[in-house]
Amino acid sequence: MAVSALQLWRMGGLLRRRFPTCLSPWKIPPRVLKSSQPEALVSLTNNAVAFAPLQTLTDEEIMMKQTVKKFAQEHVAPLVSSMDENSKMEKSVIQGLFQQGLMGIEVEAQYGGTEASFFCSVLVIEELAKVDASVALLCDIQNTIINNLFRKHASEEQKATYLPKLVTEKLGSFCLSEAGAGSDSFAMKTRADKSGNYYVLNGSKMWISHAEHAELFLVFANVDPSSGYRGITCFLVDRDTEGFQIGKRENKMGIRASSTCQLTFENVKVPETNILGKIGHGYKYAIGSLNEGRIGIAAQMLGLAQGCFDYTIPYIKERMQFGKRIFDFQGLQHQVAQVATQLEATRLLTYNAARLVEAGRPFIKEASMAKYYASEVAGLTTSKCIEWMGGVGYTKDYPVEKFFRDAKIGTIYEGASNIQLNTIAKHIDAEY
């Protein structure tokens, strides 16, 4: 098994037309916004409390960020266009994520994990999304939802059985949504009826991410529909379980390399030992994991938007029209300044929410704010970048239009934008 870079550190296409030289099809942008680059945390010489800027990172966080950036540029970027076109995640990318230790970021070392921080997960997701949002989502769900559900709610036996595989080779899938239970996720109809030492699952799930490659499915089903959401329980279902079927992948607009499938359960027998946590507590686990997961999606949208912005700015600084750079037109400068400001605000919202999680402080409102705002800014940023690049940005020869397509999902999954606004308003009402 390959050792992650962080663990080692701890131990010791031709252009069809003539365009500015900075523009190269499906390549990593040569320049990035300086203000988006973090600085290492400096040691204070006095006893004062350190109130460091939110973008100030520890040496470990800097190392993680640099490692992921290198991995994304060298191993993901060359495959992004083909994965999008073929709607398929390359196995080499999945294997690379495991080999780099990026699929067990917070998992304890005793289970083979990297044992880093939640904030490190956010940095990893952001860096991957600068290159491909689909790969970032793969890493996001595995870390912020699947692994953390096990870390917080699994029995010691379940942790010992599943976590070592989840951090090295096995993908997990979070199965909550149904055809009639999207934003109202607790209106689910999937049932789990007791039968001896087993529960028998019947029903279906929709819009399930990574179902095509996942080997372990965390399925939420109701053991007592008469109790409403208080009967919802989380079951561990292996891919090869009899009666469990995975449907065809959806032909999506964006994040096409990330599979999304329907699941069907026909008298699927699951042993009692495969219940995650307590019976009837599934709704608590789902809410808790999604609250943290929304910060991951905020990081994905932030990285996606920043990656698109970084790709576009060098072009408009070299593209000449009317005898001068198009960047020199004041109208365009104002648009660029507005987008850059919104990106910075997104980064601060996202980082702040992540730091709140690490500090053990309330973060639900801030997570919703980060997810909502990051999704809106990603849509605006990618749209503007296409406009700034003109016809070039509208073609599939360059990644800007893909960033635009990928961005739209941010306002939909893991809590639509209106749901985030509801959550924010609910907290404001309580605070006043």
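Using N, Cα and C of the backbone, Cβ positions are placed for all residues, glycine too.
Counting every protein chain shown, 28 other Cβ atoms lie within 10 Å of the Cβ of GLU414 (active site, proton acceptor). Residues annotated as active site, proton acceptor in Swiss-Prot: GLU414.
According to DSSP, SER183 (FAD binding site) sits in a coil region rather than a helix or strand. Marked as FAD binding site by Swiss-Prot on the basis of similarity to another entry: 174-183, 207-209, ARG319, GLN330, 387-391, 416-418.
Within its own chain, TYR283 (substrate binding site) has PHE186, PHE220, TYR229, ARG230, ILE232 as residues 6 or more apart in sequence whose C-beta sits under 8 angstroms from its own. As annotated by Swiss-Prot, substrate binding site applies to SER183, TYR229, TYR283, ASN291, GLU292, GLY293, ARG294, with the evidence given as similarity to another entry.
Marked as N6-acetyllysine by Swiss-Prot on the basis of a large-scale study or a structure entry: LYS70 (among others). Annotation note: LYS70 (N6-acetyllysine) sits in a helical segment as assigned by DSSP.
Positions annotated as N6-acetyllysine by Swiss-Prot, on the basis of a large-scale study or a structure entry: LYS284 (among others). Neighbour density for LYS284 (N6-acetyllysine): within 10 A of its CB lie 16 other CB atoms from the protein chains shown.
Residues or ranges marked as N6-acetyllysine in Swiss-Prot: LYS426 (among others). In the three-state DSSP reading, LYS426 (N6-acetyllysine) counts as helix. The C-beta environment of LYS426 (N6-acetyllysine), restricted to residues of the same chain at least 6 apart in sequence and closer than 8 Å, is empty.
Marked as transit peptide by Swiss-Prot: 1-33.
Separating the Cα atoms of GLU292 (substrate binding site) and PHE174 (FAD binding site) is a whole-number distance of 14 Å. Around GLY180 (FAD binding site), a 10 Å sphere centred on its CB holds 10 further CB atoms from the protein chains shown.
There are 17 other Cβ atoms within 10 Å of the Cβ belonging to TYR229 (substrate binding site). For LYS284 (N6-acetyllysine) paired with SER417 (FAD binding site), the C-alpha to C-alpha distance reads 21 Å. The two recorded residues PHE174 (FAD binding site) and GLU414 (active site, proton acceptor) have their Cα atoms spaced 11 Å from each other.
In this structure, SER183 is the one among the binding-site residues SER183, ASN291, SER417 with the smallest number of other Cβ atoms inside 10 Å of its Cβ.
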